[in-house]
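Beneath this line is the structure, given in C-alpha cells, with notes to follow.
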C-alpha cells in the first residue's frame, strides 16, 4: 500500500510540475523510482526466503508444494513396499532353484559351498563320475525334479547339453625327472549331447574319445545347459506368474594343477514374457488396480517436478535482478555464497528423485504387465528415489531451530570432512596395498584388494579384531612379526588419531553453529540488504538468519504485478 501511495504522489507531483519541470525535478523522480524498485526487490527477496507457513501468513498462499511432497512420500513408499514384496518372491525363486540345481547336478554336494566354489574332487575317478553324473541327471530331469522345469534351447538353438574342455595344445610331463614340455596354446573342444543321444546306451557316449581326459594338460571342463521354469507362487500374491530361463554352467577347474579340481556351479536366471497365460480369477483385475496406482504416482511426481523446476527458474530470475541491482547501486559483485542461496539444493534433490520415480514407475508398470523383466534397474531407481524423498523431509524439519542444527552442521562440516578424508584416504590406500602384497598369501582376509579394504574398514570400526589377529598363518616368523606391527600400527593410527580428528571436525562445526544460533550468524551482503527498510515502510525486527525472515509488509491484491516466488 505504501508503494502505491508513493507512485500516486509521484504522478500528482509530475502533473503539478507540468512541462516546466527542470533537471532537479527529473533527478527527484528518478530517485523515487529507484526507491520503489529497491523496495519491490527487497519484498520479493524476503518473500522468496520465507518457509511455507510464513508465506501463508504473509499472503494466505496455500503451501501446495509442501502438501504435494507429503502425499508423494506416502505414495512412493507404498509403491516401494509393494514392489519389494513382489521382488522378494523373484529373489527367493531364483535362489531356491539354484540350490535345487546344485543338489540335482553336483555329485556329493553337501548343501554348503566350499569358499567361493561349490565342491571339489581329488581323483580322476571322482572327476569322471561327477561329469557323467551331471549329464545323466540332466537326461532324467523330468523324473527327478520337484519343480516346474522343462528343457530350453541353448545359444545354438538346440535342446540338449553342451560339454566343452580346454587344454594345452600338446605336451609331455615327467615330474620325477623334472621334465616339462608344454605348448601353451589353448585348444577348446566341444560336444553337443541332445536328448536322443542321451536316450541311447550310456556307454556309447561315455566311451567316446572326447571324454578321455589328459589331466596333466587339462585346464577345465565346462558343462552348460538351459532350463525353463514358471514361478507359480506369485499367484498367491494375486500377480501374474513369471516365466524363467535358467542358464546353468558347471565348471571343473583344473588350472592350478594342484591335485584338487574345484567345481563351480553358476545359474543365471532371466525372466521372459510368457507366451500364453490363461489364468481365471481376480488376478487380472488386481493387476489393473496396481497399474492405475503406479500411473497416479507418475502424475504426482510429474506435478512435483514441474513445481520445483518452476521454483528454480524463478529463483534464477530473482538472482539476476538482485545481481544487476547490486552492481548498479554498489558498483561491486555479490559473493558466490549469496549467489548460491538463490538455488535451492533441496529442489534439485526433489527433481532428481522425481525423475527416478517416474522412470522407475514406468519400468514397474512394464514389469507388472510382463513386457519387461529388468527387476534390478527398477529396484535401483525406486529405492534411490525413495531414499531421496525421505532425506528431503529434513528440509521441513529444518524450519524449527532445534532440528535445523543437523542440516547446518552437515553443511558447515562437509568441505572440511572431504578434505580430511582425502588426506586420510592416502594413508588408508597405503595400508591396503601393503597388506595385500605381504599378508595375502597367509591370511584369507588379505587375498585381494577388495577384501583387504573391507577388512581394514571393519578394523577401524572395531569389528572382528581378534579373528584378524588369530587367523594369520605362522609359517613365516618374519611375516608373523610384520603382521603384528602392521595391524597394531593401523589400529592405533586410525582409531586413536584419525577417527578422533574426524569426530573433532564435526564437533567443532556443531559448536560453531550452536554459537551462531545464540549470538547470530555473520551477516552477508544479502542479509544486510534484507534488513534495510525504506523510509515509508514499517518493518518488524526478526531473526538475523535470512532463511526465517518475514516480509515487512503484507501484499494485497494490488501487488499482483510483482514477481512472487514460491
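Cβ atoms are placed via backbone N, Cα and C, with glycine included.
Worth saying up front: this structure is predicted, and the values here are computed from it rather than measured.
Marked as domain 'Mucolipin extracytosolic' by TrEMBL: 90-275.
Residues or ranges marked as transmembrane segment by TrEMBL: 289-313 (among others). Residues 64-65, 68-69, 71-72, 75-76, 78-79, 82, 343-344, 347-348, 350-351, 353-355, 357-358, 361-362, 364-365, 368-369, 565-566 of the same chain, all 6+ positions outside the transmembrane segment (289-313), place their C-beta atoms under 8 angstroms from a C-beta of that stretch.
The transmembrane segment annotation in TrEMBL covers 346-365 (among others).
As annotated by TrEMBL, transmembrane segment applies to 377-397 (among others).
Sequence annotations record features per position, and here TrEMBL assigns domain 'Polycystin cation channel PKD1/PKD2' to 378-513. Over the domain 'Polycystin cation channel PKD1/PKD2' (378-513) the predicted model carries a mean pLDDT of 87.
Summarising the annotation, TrEMBL assigns transmembrane segment to 417-439 (among others). Distant neighbours of the transmembrane segment (417-439): 446, 448-449, 452-453, 455-456, 472, 479, 482-483, 486, 490, 493-494, 498, 501-502, 505-506; these residues of the same chain sit at least 6 beyond its ends, with a Cβ under 8 Å from one of its Cβ atoms.
Here TrEMBL flags 485-506 (among others) as transmembrane segment.
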For the transmembrane segment (346-365), sequence-distant contacts whose Cβ falls under 8 Å of one of its Cβ atoms, 6 or more beyond its ends:
69, 72, 76, 79, 83, 291, 294-295, 297-298, 301-302, 304-305, 308-309, 311-312, 372, 374, 377-378, 381-382, 384-386, 388-389, 391-392, 395
When secondary structure is assigned with DSSP, how many helix, strand and coil residues does the domain 'Polycystin cation channel PKD1/PKD2' (378-513) contain?
120 helix, 0 strand, 16 coil
